[in-house]
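Features of the protein shown, as given by TrEMBL:
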- 2-372: domain 'Amino acid transporter transmembrane' (DOMAIN)
- 20-43: transmembrane segment (TRANSMEM)
- 76-95: transmembrane segment (TRANSMEM)
- 115-132: transmembrane segment (TRANSMEM)
- 144-166: transmembrane segment (TRANSMEM)
- 178-198: transmembrane segment (TRANSMEM)
- 210-233: transmembrane segment (TRANSMEM)
- 253-281: transmembrane segment (TRANSMEM)
- 293-313: transmembrane segment (TRANSMEM)
- 319-339: transmembrane segment (TRANSMEM)
- 359-379: transmembrane segment (TRANSMEM)
Amino acid sequence: LQGIFVLGLPYALLHSGYSGLFLIILAAALCCYTGKILIACLYEENEDGQLIKVRDTYEDIANACCKRLPPRLGGIVVNVTQVMELTMTCILYLVVSGNLLSYSFPRVPVTEKTWSVIAFVTLLPCVFIKTLKIVSQLSQLCSLVHFIIILVVMTYCLTQTHQWSWAKFRLSIEFEDFLVSVGVIIFSYTSQIFLPTLEGNMKNPGEFSCMLNWTHFFACVLKTTFALTAFLTWGEETKEIITDNLPSFLETLVNLCLLAKALLSYPLPFFAATEIVYACISRENHSKYGSPLFSLGVRGSFLLLTLLMAMFIPHFAMLMGLTGSVTGAAMTFLLPSLFHLKLKWKKLSFLEKCADISIFTLSFLCSLAGIVCSTKRLLQVFG
């Protein structure tokens with residue numbers, strides 16, 4: 001919940017003003033809610049009224065909702081959407097790593113793409129990751145690095161309190177800039193792709209709802225505090241990535257920390273994506289697909305694919321925005337609310353139905369607007 005997107009929150013406040021603060025809180029509540037209803041779709045009540053887990057993955061939920069359609073169509077759509085978003089995330093980490101290395105060592109005569117290859121080499125051990133436990137340990141280190149970055153930025157901001165002024169907040173906003181802010185804020189919370197796997201690996205799945213409440217609460221508090229202090233410090237001069245506003249002696253340190261964070265963040269989407277691909281390929285349980293060597297080949301091929309795409313796709317950042325508007329909104333809001341309505345309609349209260357329908361409608365409109373804006377910018381770039 002505390003990814004690299006967090007560093008763009010002060011810039012989001014620049015374009016959304018006071019409404020941005022409200023959006024940070026609202027997004028936390030909505031993402032927490034859709035996470036809960038997604039996990040609720042994994043369970044059904046038995047004759048005694050007890051909840052029994054009958055599904056394990058996002059794919060299983062989709063297949064249960066699309067029984068009347070061609071077999072496994074729902075699962076195929078969900079898997080393709082998940083792999084697209086996870087792949088784009090992995091590529092983004094490689095692009096960011098190359099960019100950060102290039103800025104950290106400007107005197108070294110190496111291109112940004114070459115730096116991405118160097119970063120890729122450090123990620124080669126990812127092909128040997130077989131369990132979520134290893135990923136969680138790397139994510140724990142990632143969280144530690146993240147808090148160091150946040151601490152450095154906020155400490156500097158607190159030394160500049162004499163410059164703070166609430167007059168820096170905008171009252172009027174431009175629609176397209178506001179949509180960009182909405183995207184940054186919402187996608188800084190997204191985690192629904194990982195939730196079924198996470199819940200399935202918990203020692204006590206009954207504590208999942210409580211865990212989700214506390215993590216989103218603390219994430220909301222940290223994001224609000226961080227975005228507010230940083231924006232009050234730099235105001236109209238706030239840059240897209242807030243670390244670019246730091247003095248040079250701090251910027252290099254923070255950039256290296258960001259590099260470590262990007263590399264430590266890579267294994268989670270990589271593991272999730274390769275697990276989906278491997279499960280789809282080996283579904284028929286053929287012995288040749290179940291071998292460790294084949295599993296290693298799948299992970300190695302996926303790792304190489306992310307490098308090639310990071311190096312050769314032009315205007316990747318804009319393409320990421322377009323993909324995020326489609327896959328991010330679908331996996332986080334559209335599908336959880338739709339699946340919940342489909343599977344639990346008879347047992348939902350009137351307010352729960354209204355909540356699900358409202359989230360679906362609102363996210364559909366935001367996604368559509370995001371697609372239009374991203375496509376417009378891509379067309380401008382390509383002339």
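Please read every residue number as a count from 1 along the shown chain.
Glycine too: its Cβ is placed from the backbone N, Cα and C atoms.
Predicted automatically and left uncurated, TrEMBL annotations should be read as such.
Remember, it's a predicted structure, so these values are computed and weren't measured experimentally.
Ranked by number of Cβ pairs under 8 Å to the transmembrane segment (210-233), the listed stretches 20-43, 76-95, 115-132 are led by 20-43.
Within the same chain, residues 1, 3, 5-6, 8-9, 11-13, 15-16, 19-20, 23-24, 27-28, 30-31, 34-35, 38-39, 42, 56-58, 61, 82, 85-86, 132, 216, 219, 223, 268, 272, 275, 321, 324-325, 328-329, 331-332, 336, 366, 369-370, 373 sit at least 6 positions outside the transmembrane segment (178-198) and bring their C-beta atoms closer than 8 Å to a C-beta of that stretch. Within the chain carrying the transmembrane segment (293-313), a Cβ under 8 angstroms from the stretch's Cβ atoms is held by residues 87, 90-91, 94-95, 98, 113, 116-117, 120, 123-124, 126-130, 270, 273-274, 277-278, 281-282, 319, all 6 or more beyond its ends.
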